[in-house]
Amino acid sequence: MTGGIRSRLLWRALRREPYQLVRLGGWSVLEAAPAFLIGLAVARAIEDGFAAGRPETGLAWLAALGVTWAVAAFAARQVVLAVAAIAEPFRDDLLAHVVRGALRTATAAHALRPDSAAVARAGLQVELARDAFAALVTTLRGFAFTVISVVLGLLTLAPGAAALVLPPFAAGLGLFLASLPRLIRQERAYLVADEELTKAMTSMSLGLRDIVACGAEEQVGARVEDHVGRQAGAARAVAKVTAIRTAALAVGGWLPVVCLLAGTPWLVRDGAGAGVVVGALAYVTQSLAPALGGLVQGLGASGVRLAASLERITGSAGPEPGPASPEPVTGSVGPEAGAASPEPVTGSAAPEPGPTTTVRVLPPVAEVELREVTFAYGPHADPVLDRFDLHVREGERLAVVGPSGAGKSTLAALVSGLLRPDAGEVSVGGVPAHRVDRRGRVLIPQEAYVFRGSLLENLAYLGDPSRSEIEAVLAVLGADRLGDLDGQVDPAALSAGQRQLIALARAYLAPARLVVLDEATCHLDPAAEARVEAAFAERGGTLIVVAHRLSSAQRADRVLLMDGARVQLGTHDELVRISPDYADLVGHWKPERTS
Amino acid sequence: MRAGDRLVVETVRRGGPWPGVLAVTTLAGAAGELALPYVMGRAVDALVTAQPGAVSWLIGCAGVTAVVALCESFGVWARGASGAHAAARLRRGILRHVLGVGQAMTRRFPAGELVTRAGLNAEETARAPEAVAGTLGLLVPTLGALVALTLIDPLLTLALGVGLVLILLVLRSFLRVTTTMAGDYQQVQGEIAARLLDALEGARTIASAGTGAEEARRILGPLPRLRAHGLRMWRANATAGVQAGLVVPLLEVAVLAVGGFLLAAGELTVGELYAAARYAVLGAALSTSLGYLGGLARARSAAGRLADVLAVPSGPHGGRALPAGSGTVEFRGVSAPGLSVGDLVIPGGTVTAVVGRSGSGKSLLSALAARLAEPDRGTVLLDGVPLAELDRAALRRAVSCAFERPVLVGDTIGEAIGLGLDDDSGVPAAARAARADTFIRRLPDGYATSLALTPLSGGERQRIGLARAFARGERLLVLDDATSSLDTITERQVGRALTAESHGRTRLVVAHRLATAARADLVVWLEDGVVRAQGPHHELWADPCYRAVFGVEES
């Protein structure tokens, strides 16, 4: 599956710019011109020039060679640029792949939290892949053009010499190609072993205190030493195949020389002079052998690196989306359409559309209904919610409280349609939660999202509010000191509380009538939090608050207490009366707690 | 001799047969390479004019090429095998030493630094034999080629020298150009990465807003600029390549031209002209071979860095076992940097809280009790036995620790809790006591969930660290601020489990919260690195200074 992605990426990079390919081919011909001329020029310079007592003819041939070298050097520059013109879009593709994949993985239903280090590593791999790709294209192309030039040159100079040189060269090339699959396998095995070793050593170094405290020196030491041994073994295996590769290189590079010398008497009998022999030798030692060396290096090193990098990039970024548009088709009806929705929004008889063709619907009312909902993070995991029922009326304010890990955020994600239940139904105004149009509900999580852009862009992220509306809302939320609306926002320069205020103002400005705040006010001080919650109460619509402080629960119409398997629902006063756990909580939950 | 150089010498000496093989193949190969142009030139001359010795020159030529090829192949093998052997040997030594020293090592070298030293620097040091051989293998043929060329005609050598200077100049200007350009490129790269990381932090917002595609476009916005900088780098690269790629061929053409005139004058044979051209190319590689000298310098400095790691002393361990006891911890005249404990007894089986403002030495006191730090003076005893005299395994069976920021070691969560235990049957019970069982069971694979694939919150991490500590520590359990990231409810539940423990081991708890001190049997109050007072919480509470430790205002 991912192998298909890799070859598709490579293929697309090569095919996309046909003009660059033509340009590359043209300059390559010029770059390979010395490979064609070198033997011929040396032979003629000696035979017709210096050895014949006509040094000026000899000089003329050498000058021609020199000029050809100069042209070739310029052509080599153009070749690099043409390769760059292919490699840079390839890098763009890879980077886009990494970005889209990381976003997709992070926003996927079961994502717990994104691993930013893995993303950073993928970014580095993109650069490695680009360099390896460029090197590979350069060497493969250089080899092909050089060999063709040398063959033409040899045939022009002395066809007999071609017959002596080419068969042993082909034999060396064949040997190398035959050893290539094994070489690539061993190189990759080495890369993997080396990486595993680094990982094991990193984990050991980071955990040194803990390893010693647990008396696990022997256990961990043995494990890391195992990696050391495996890495060394892989390195030895690479050394062995590299030796074979070097031998193949020697056969292809040196055997033609010996054959040529051995056939010299025969060439001389056919009328060739010493100059012709030296010219043919120049072809072999100056062009063929270096080209073969370049190929060996290119395929053996760059090829392996490219394969490994692409594997990591496509592996870390998750699967490629289908050919369809990544945006879900949005076909919604306004609230005025009411129950006359054209979509059969309930009833399990309707065929479930695929994720890319989900038709989003704007629910007519913002009431939330969970019926017999069961949800677990995997088939082997204990359920977080087990046959859970909840009804939140339109316009109601519900606070959800409980210790960390009780499932509060999971509940928020289910109501917002980010997660889908394993069994049971979650619906908003009769519409299944995962099909609710984004204008119908808004979720503000604990980690407020603020991006580099103007404050206005950040605030208008979920809707299309006017400037005066924005200013009014900022005043209501007590967020009017965030700066100029057109000023650029640097998320890193803002405090956590300021970021939360921006996210809250954004949610307030959204048209959604169902608002879910998942500890969205945890970095605000209690007074600012109270002001925000009061403002959202004024705003109207249904409000579900995963509470960070108990004061949020006291302000709510009803409170949902979640603690492991026990779930209790009631008003604040009722819960204090009927639930010892809740009473306990009221006694202990101190307002200064922030995490 | 410096410790690093001793390590280099030892690496060569303990390299097995490989350094020897390397030396032989390198020298024989270098000699062959140097002889080859001469032999080939003579063979051409002899074969073309059909001299009587022609066949022997041909055989000689075949022989020399065979030697060169064989030496190269075996040399490559020997280089790889020698490096692998030496690196593994060095690494094993370092790993053992690092584990033996323990946390004192990370106080001296940060973890990343240790990995670099045991990884990259060990690799570089292991290349010492190869660097020596490689320098010889390149210097012999290049210097020899220059001598041979001079023997043919000094004029040729002069032309070559001028050319080499040109190459060096070109390379230097090339390097200067790329560093500034790379800076621009990396800046745009960083911009894209920062945007992506912001978006990943806001993944839940993006998922709920359904704006993934817009976000991808926004993140990739700087891509055209990245490409522009990238192409500029390629252009600088290509331009420098033109100059560098021209010098060697032009040099050869010049040598051929000068040689051609000598040939016309009858002073050179065609074969000698060929040899001269080859020697010119060989000699031009001088700058590369000088670069190889750097390899040896790198090996030496890398070895110095390894020697630094090996020089950190490791604390001794005795062989004594623990007598029967309740886990009484005794400090006798103990002092350590920034902390003077003096004499202090923590009665066996009690819950003892260590309180004090930050920087008062609480963590160091708990590390001394668990022998994760060594005192400068004095002795720490557990049930009457000095910790340093205890058998290492017996010590770790008896004492366990939980930390504020535990590092989880192992592939799965279950392994991380059972780290170092022979028998992990107690893991689920320990996890239940640490209130970690519920959330672990809710993970996709329960206890078998991969740690690497499961980002944990600070509170979850702490609870796994607590479970790991609860699963061991027969006599003494040390909790160093190990519940600070738990929410109040969970913290109270863990605290209750801790106080209610049935098997009565000693519990030493560093804490900031009032409730923890109130629950303890005994409180050790530290101030500015000394024990200010010791006693039950309710007795100390009378002191306003004590109350101030918990931020309780005077009323």
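In case you wondered, yes, glycine gets a Cβ from its N, Cα and C as well.
What TrEMBL records for B:21-40 (among others) is transmembrane segment.
Summarising the annotation, TrEMBL assigns domain 'ABC transmembrane type-1' to B:21-299.
Sequence-distant contacts of the transmembrane segment (B:52-71), counting only residues of its own chain at least 6 positions beyond either end whose CB sits under 8 Å from a CB of the stretch, comprise 25-26, 28-29, 32-33, 35-36, 39-40, 42-43, 46. Under the heading transmembrane segment, TrEMBL lists B:52-71 (among others).
A Cβ distance under 8 Å defines the sequence-distant neighbours of the transmembrane segment (B:131-152), meaning residues of its chain 6+ beyond its ends; these are 12, 19, 22-23, 26-27, 29-31, 33-34, 37-38, 75, 79, 160, 255, 259, 268, 272, 275-276, 278-280, 282-283, 285-286, 288-289, 292-293, 295-296, 298-299. Per TrEMBL, transmembrane segment is recorded for B:131-152 (among others).
Under the heading transmembrane segment, TrEMBL lists B:158-175 (among others).
Annotation comment: TrEMBL describes B:242-264 (among others) as transmembrane segment.
What TrEMBL records for B:276-297 (among others) is transmembrane segment.
What TrEMBL lists as domain 'ABC transporter' is B:324-553. When pLDDT is averaged over the domain 'ABC transporter' (B:324-553), the result is 89.
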Contact set, same chain, for the transmembrane segment (B:21-40): CB under 8 Å, 6 or more residues outside the stretch: 57, 60-61, 64-65, 67-68, 70-72, 74-75, 78-79, 82, 129-130, 133-134, 136-138, 140-141, 144-145, 148, 271, 274-275, 278-279, 282
